[in-house]
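In what follows, a single structure is set out as structure tokens and then discussed.
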Amino acid sequence: MNTNNNSVHSTELAGRSLDEIVYFSQHKFHGGVHPEEHKTLSNQSNIQALAIPPELIIPLNQHSGRQAMEVVAVGEQVKAGQLIAAAEGDLSANIHASSSGKVIAIEDRPIAHPSGMRDRCIVIATDGCDEAEWLPPIEHPFKADKQQLLRRIQECGIVGMGGASFPSHIKLMPEVNKLVINAAECEPYITCDDRLMREQANTLIAGIQLVMHLLNASEAIIGIEDNKPEAIAELKKTIKDAQTSASDKFAQNTSDLKNSSIKICVVPTKYPSGGEKQLIELITGKQVPSQQLPLALGLVMHNVATIYAIYQAITQGRPLISRIMTITGDAAQLKGNYLTRIGTPISFALQQADAESCDKVIMGGPMMGFEIFDTQAPVIKSSNCLIAAGKGELKATDAALACIRCGECADACPASLLPQQLYWFARSDDLEKAEQYNLFDCIECGACSYVCPSDIPLVQYYRYAKNELVQRAEEKQKAAHARERFEFREYRKKREKAERAERHKKAAEARKKAAHQKGQTDEKKATIADAVARAKARKKSSD
Amino acid sequence: MSSLTAVLILVCLAGVFGALLGYAAIRYRVESDPIVEQIDEILPQTQCGQCGYPGCRPYAEAIANGDDINKCPPGGEAGVKALADLLGRDIKPLDDTLEESQPTVAYIREDECIGCTKCIQACPVDAIVGAPKLMHTVIIDECTGCDLCVAPCPVDCIDMLPLEQDVRQWQWPNPANDTDDDNIIPVRQVS
């Protein structure tokens, strides 16, 4: 179904004689796959707000970087938007209460993580009033100082919402020429960005202008897959309006934006075109160098949902306390996109979507997501999708067979790696070799596993190998640190010994000198006399 | 005459090269045996002394002088393998009298501590802070888990606890050993 659909979309759009706003990508990336999309399951209805759950479980570590530090105590009343955990250092993010209520616990709770482990969370019993306390809006964002805007983004705890959850204010610090907006949403089932673009195109375009202003960028390109014609049309209309009329409420403030342009680059539907490096290659035709950031090409990429959050933070002072999440899958009766509060238990979200009788629950998409074992775990800032799989929808894997060296995986790899080689190296624990074969360029998209005729869980091997390499490097560093401390201690002991010997020598010399002065040549006698005198003095003082 | 010239030239050459070599020996002098450095690099630096030497470096020197490579339990089988690779020796199983240990960390039950400073003196990496007659505590990040502080404690208030694993240290399991497919991405079954 998918391939047919793609060509239909493509010809439709191509037939419409593309203008200066919308254009087709002239480039492609290596590999990729075409899994069935299943997007129509959830993208037919408007975004709805999910009810306030009785209990919000808000993890302190929802971002890459250091865990935030709680700033509220158990028993405290909090309002929606109130800071409850503060960032520790720059590479961290603030966490806010998503609704009003009372903090009832700060403890380890199950979290949405592939390990199924527990982590520190703040638990809020909501009172249903949803009393909010936003920060003051920044009145004229286009006249505001860059530092002020960045500080606001940091205060509001905005992180990248495409998956990696990297704190956004860091990504916005440098000045670049080109801003790329990731609206590809290439993974099957997920439609939250699609719906957001259809319904909030105005806000998004204003948000893009804001971020361009922040980055001092003259050009923004929205990368979007051709399976979202409605969203493309909506964005195009909005961009046109913003360009032609002064109806845009920022237009009068945006003299510096007159020369700037926002364009939409339509890319063919192919997984994983939404990967950062893949989308950049599709748009610019250039590859981001291995182990480097897009900044190396003078551009920065943000997800549409992040842009939306940034816009809200700046113009409304609203921290990141909710996100749009797709709830889909055969078992969900009320499939669709929901505005979900961060910290909503997955079980509650499933109940609201009438999806409790599901076979298993996947967070994220079917290609890169993971299974949720405990549905008490909460929705976090990066949770874009919940798949409530019905019976037989996402079946258990067949046992892996032997590799037949067909090379399908190498054809499918979007990072142009040699998955088969990497697999052998990972299997034989020859990890240095795997690293030499650029293991760390693997984006874990799962295209290789998808095409493997022997059902080998290839990505699993790469994840294991990456983890193991990182851990070994950490151990080595720790050992070097321990050695340094050990050696310093040895040095200190030696120095103390030398110092003691020196002191004794000096004392002996002093005694000798004193004895000499008193005219007593016998050093021993002098020492004894000294000691007797000291003892007498002490006795006297104690009496 | 010609033979004398040849001898003279050879003597001169010998002198020049001798001087060069002598200079190089002083100029590029290596302080210690580089193989010891390489061995020390592989050892885990817990400084626990289970090998019978007072620290990792002395054991590295002993290995360089021919001692067995299988006396380091914290390094484990992987450590023995790395040493065997480096030195071109055969891999030996870890010494039976020593067992491979899980990573641990020392924990002082602080209300029982009498402040004797004995553990502070025993710690090879200065990971314990405290003062005489005042409570001591272990800096977890610096502790190598060598358990040298346990024996000197007169009130037995030090426990060796397994290093707690949290989400940040969690690792994807190796699918080659892991028959449980719970963690495997359901990509293949997109129907």
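Cβ atoms here come from the backbone N, Cα and C positions, even for glycine.
TrEMBL: automatically predicted annotations, no manual curation.
These numbers come from a predicted model, not from an experiment.
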Task: Candidates B:Cys123, B:Cys157, the one TrEMBL lists with B:Cys143, B:Cys146, B:Cys149 as binding [4Fe-4S] cluster 3 - done: B:Cys123
- [ ] Among B:Cys12, B:Cys72, indicate the single residue that TrEMBL lists for the [4Fe-4S] cluster 1 site containing B:Cys48, B:Cys51, B:Cys56.
- [x] B:Cys72
Open item on the list: Around the [4Fe-4S] cluster 3 site formed by B:Cys123, B:Cys143, B:Cys146, B:Cys149, which additional residues qualify by having Cβ within 8 Å of the site's Cβ center?
Closed with: B:Ala106, B:Cys119, B:Ala122, B:Pro124, B:Val125, B:Ala127, B:Ile128, B:Val138, B:Thr144, B:Gly145, B:Asp147, B:Leu148
Task: binding-site residues: B:Cys72, B:Cys119, B:Cys143, B:Cys153 - member with fewest neighbouring CB atoms within 10 Å - done: B:Cys153
- [ ] Could you tell me which of the binding-site residues B:Cys48, B:Cys56, B:Cys146 sit with their CB under 8 A from some CB of chain A, listed in sequence order (or 'none')?
- [x] B:Cys56
Open item on the list: What is the set of residues, excluding B:Cys113, B:Cys116, B:Cys119, B:Cys153, whose C-beta falls within 8 angstroms of the centroid of the C-beta atoms at the [4Fe-4S] cluster 2 site?
Closed with: B:Ile108, B:Ile114, B:Gly115, B:Thr117, B:Lys118, B:Ile120, B:His136, B:Cys149, B:Pro152, B:Pro154, B:Val155, B:Cys157, B:Ile158
TODO: Name the one residue among B:Cys48, B:Cys56, B:Cys143 whose Cα is closest in three-dimensional space to that of B:Cys113 ([4Fe-4S] cluster 2 binding site); these are the binding-site residues.
DONE: B:Cys143
Open item on the list: Among B:Cys56, B:Cys113, B:Cys146, B:Cys149, the binding-site residues in question, whose Cβ has the most other Cβ atoms within 10 Å in this structure?
Closed with: B:Cys56
- [ ] Out of the binding-site residues B:Cys48, B:Cys72, B:Cys116, B:Cys153, give me the one sitting nearest to B:Cys123 ([4Fe-4S] cluster 3 binding site) by CA distance.
- [x] B:Cys48
TODO: Starting from the Cβ centroid of B:Cys48, B:Cys51, B:Cys56, B:Cys72, the recorded [4Fe-4S] cluster 1 site, name every other residue in that chain with its Cβ within 8 Å, sequence order please.
DONE: B:Leu43, B:Pro44, B:Thr46, B:Gln47, B:Gly49, B:Gln50, B:Tyr53, B:Gly55, B:Tyr59, B:Lys71, B:Pro73, B:Pro74, B:Gly75
Open item on the list: Show me the subset of B:Cys51, B:Cys56, B:Cys72, B:Cys149 whose Cα is within 10 Å of B:Cys119 ([4Fe-4S] cluster 2 binding site); these are the binding-site residues I mean.
Closed with: B:Cys149
